[in-house]
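What TrEMBL says about this protein:
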- A:12-215: domain 'Acetyl-CoA hydrolase/transferase N-terminal' (DOMAIN)
- A:288: active site, 5-glutamyl coenzyme A thioester intermediate (ACT_SITE)
- A:320-463: domain 'Acetyl-CoA hydrolase/transferase C-terminal' (DOMAIN)
- A:378, A:382: CoA binding site (BINDING)
C-alpha cells in the first residue's frame, strides 16, 4: 500500500529496514540528515544507527539543517557516534559532550553550511538521510515539514537514504520550492523578489540511481516546546509593536511593514502573537522557521504570506495545518535554508529581523551562544544571516535571568556573535533602545536607561562613567573589570554586588 | 575655458568661489562629501568651511565614502566643525577627538551608510559636495577617482555643490558605472554577474535644479602613503600565494581564482605584489580600493580586470594611469561603494577577501578597529561586507608590533569586529592557519602553532590548556585573565611576562 508513495517504480526494490539502511553509514563518514528545528528530521535511521553503535562502535561527522527532534542528538551522542557536529543543536546531552571537548561542534551561520560543502571547505557528504512524503515519478524527493539543507545533501551525497513518513500526508507535496544556486564564481542572481514567489521545483531532484535505501516510518515530528507568553514577553512584544507602528507613522515603512523574520523560541513567538492586537495588516514573513504564532497570524488574516525553511508547531496547530492544507498551500512556502537565510535576499527585501540574545552589553554587542563566554548553548543559527543584512535588526531578551541574579545587560559580553554594527534595536521588558545613528557612548546611555533592570542600572552607569573617565576612547571599557560581573556570578551565584546590609550581617556573623 | 567642463549651459551661472559655496552649509546640517580612501575627495569647500568656522562657529554631521585626503578631517576637526562623523576616517587629530568623546563617530560597514540614509535611519543629507571632472549635458555629475557614496548623496541632498577638479582629465569620463538600487522592499536583484560587467550609467544623474554651486579646483588627490613590502609582509604574501595555489591544485578553485578583494594598506598591497611572482593568470579584482599593486598586476597582464569604488595611488602610478587611460578604460571600473561592497555580489561571486587585522585571538575572532579595546584606530571599513560573505575570508597581520612588545595573537580580543564564524584563514609572517571546518579548540592549536610569534607561543598554549582544564566549554577562556596581556601592556609597555632572570635581577636590586 505504502509503495504508492514511491512513484518511481524502479525504486520499489530499495525498501528495507532502518537497521539495514543504517548499514550504509560507516565509521569515519560524513552524514547529512534532514531536519530543521525539530521539523522534518529523519526518525528511524538515526535510532538504528545508535542501536548498532552499542555493539559496533563508529564515529561520524553529522551535518543537519538545524536542530533535530526525537532525542536523536542525545541518542547519537550517548552512543558515542558523533565525532563532529554542525551547524546547530539544542540537546542537553550533546551540549555536555560539546562543552567537555568530546564532540567537535562547528557553530555556523545557517546559510553557509551548504555553501561550504559546495566549495569543498567541508568534507563531502557520504550518505544523506532525508525524510520525505513521497518520491516522484522521476525519483525526486518531496520533503516533509522542513527543507533545511536536504536539497544540497541529497544532490551531493554518494548515497541517499529516504525515510518516507506515512504519518505525513502526501498533500504536503507542492508546499516546497526547491531552488539551488549555481556553483561560484559563475552564479546568477537568485531571482526572488517577494516572499510569495516560487522560483524552483516542488521536489529535490536527484539521480534515482543514488537512492540506496528507502525506509518507511510513521512517527510524527516532535512537537514544538515553546512556552506561552508571560508578563515579560508580553511587555517585550508591546514595545516592539509600538516601535513598528511609530516607524509606519513616521513614513519610514509601509503599513504592511517589510517582510519579518523571527527567531525560534518563546520570546519571538510572543512578539508575533502580539501583532494580533495591533493595527498591522497584510504582513509577510520571510523567516527560517514558522512557529504557532505565524499560523495564527495567517488564520486571522494579519499575515498574507509566510516563507521559511521549516515549520515547527505544537501538536494541535500541526493538526490544523495538515487538515486545512488547501488554505495554507497558497499562503506558505518552505525553501532551502540557503535561500530562506540568503544575505542577498535579506538585504534586497529589507527584512525586519527579530532574534533572541542570551545577553548584550552596553554598547550593543550581542552574545547569542556562549553561557559565561565559554559554554555553548545552541548555536548562532540564522541570526547572523538576518541581523547583518536586515533593514532593522532587533534583539530581544528578558532584562534578568535566574530570579534576577543574572543581568542580561552587562558591561561587556564575554562572547560576541553580533557586533554593534549589526544591532539596531535592543528590547527587554523594561523598554526599547533605538540605537540607529548613535555612537557607542550614546548607545551605552540609551541601553542602560531603556533596557537594564533597575537593580543593575546604577552599577552599569557607574561602570560606564568610570570607563569614560579612566580609559576613554570610542568604546570606553575597564579591561580589568569588564568581566567582573561574570566572574562574580561564577563565584557567588549572583551578579549583584553584596548589598551593604548583607555585608554587615556577614561581618556580625563572622564576629 | 574651464566652463567647457560644464556641458549643461544653464549651470554656468552657478560657478562661485569655494567660500561662497561653503555658505550653503549651515550649523546643524548633515553634509555628504565625496571621497573614499583619499581619492576623489572635494578639496576646496571643506577648506573654506574650516576657515569660516574660525570666526563663525558651526557644527555638522559629516558623512563621506571613507577617508579623506588633504588633512580635511584634521582641518575640520580642529576647527570644531565635526559634531558627528561617519563611516570611516584615518586622521590623527580627528581620532584624538573621537577617542576623547568630543566627536561622535559612527563606525559602519561601508556598504550600509547609504542604505541607512535611504531607509531614513540617518538624518537626510542637506548638502552634498561632490568632486567631478565634468557635468554632462543633462546635468549628470562625472566623478573623479572615486565614486564612494557620491551617487546617493547627490541624489538625496536638497542642495548639491560640485567641485570640478581641473587637474583631473576629462578622459576619466566613462570609467564609472553608476547603478543605484531601488528602494526596499520592492527592490530588484542587482544584475551584476561578473566584475567587468557594466549595469549603470557613466555619471550620477541629478536634477540640475538642485545643483546650487559649482567650484573649480586644481589640487590633485593626496597620494597614497603605503609603505613598500618588508621581510614580514613579503613572507605573508608568500604564505597566501602558496595557499591559493594549493587550493587550485586541489581543485577547489579555478586557476583564475575567484575575484579578489584586498583591503587598504601596506600588507594587502604587498600580498598583491606577491602575485607577480606566482603562476596565477587571468585574475580579477572586485574590491573597494585599488592600490598601486592592482595597477601593476594590470600592467603585467596577471590581472584581467579590476572593479572598485576608488583608486588610491602613489603619484607616479597615478600619472601612469592618467596618461594611459585608453589602456585602463577597458580593464577598470569604479562603482558606488554600496555595489562594490554589496553582500549580494560578494556572496554571488564567491570573493576571496584579504583584510588586515589589528589583532586576533586564538579562536579566530578579529579586532580591526580598537586599540586596547577602547581607542578607535580607523574603523571597520568594508572588511565586514567582504569577510562575512566571502568564499574565503583571510585576515593578515604581523605577528608582533612595537618591537615585539605587542603580540598580535592574544588570548581574547578586547573588541570583536569579525567573529570566528567569518574568519577562514589567518596569516602572519610566521605562517598560515587554515581554520575551515574546525571547532574552536582545534582552531586554537592551529592559530598558536602557525601564526603566533615564538616568543608568545608557549604562553598562549599555557593559557589555552589552563582554560580547557579550569573552564572547559566550546570556547575555553579564563575570564579573570583573558585580558591580562592587554592590561600588562598598559602597565609595563610590554605583553611579555617579566622573564625569570629579569625578575631575579629586580629582586637583587630591591635587596
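Indices start at 1 and increase along the chain as displayed.
Backbone N, Cα and C atoms are what each Cβ position is placed from, and that goes for glycine too.
For residue A:288 (active site, 5-glutamyl coenzyme A thioester intermediate), the same-chain residues lying six or more positions away in sequence with a CB closer than 8 A to its CB are A:36, A:37, A:66, A:110, A:261, A:263, A:264, A:308, A:309, A:310, A:337, A:340, A:341, A:381, A:382, A:386. In sequence order, A:67, A:88, A:89, A:90, A:95, A:369 are the residues near residue A:378 (CoA binding site), counting only same-chain partners six or more apart with C-beta under 8 A.
For the domain 'Acetyl-CoA hydrolase/transferase C-terminal' (A:320-463), residue counts in helix, strand and coil come to 55 helix, 38 strand, 51 coil, using DSSP.
For the recorded site, residue A:288 (active site, 5-glutamyl coenzyme A thioester intermediate), the DSSP three-state label reads coil.
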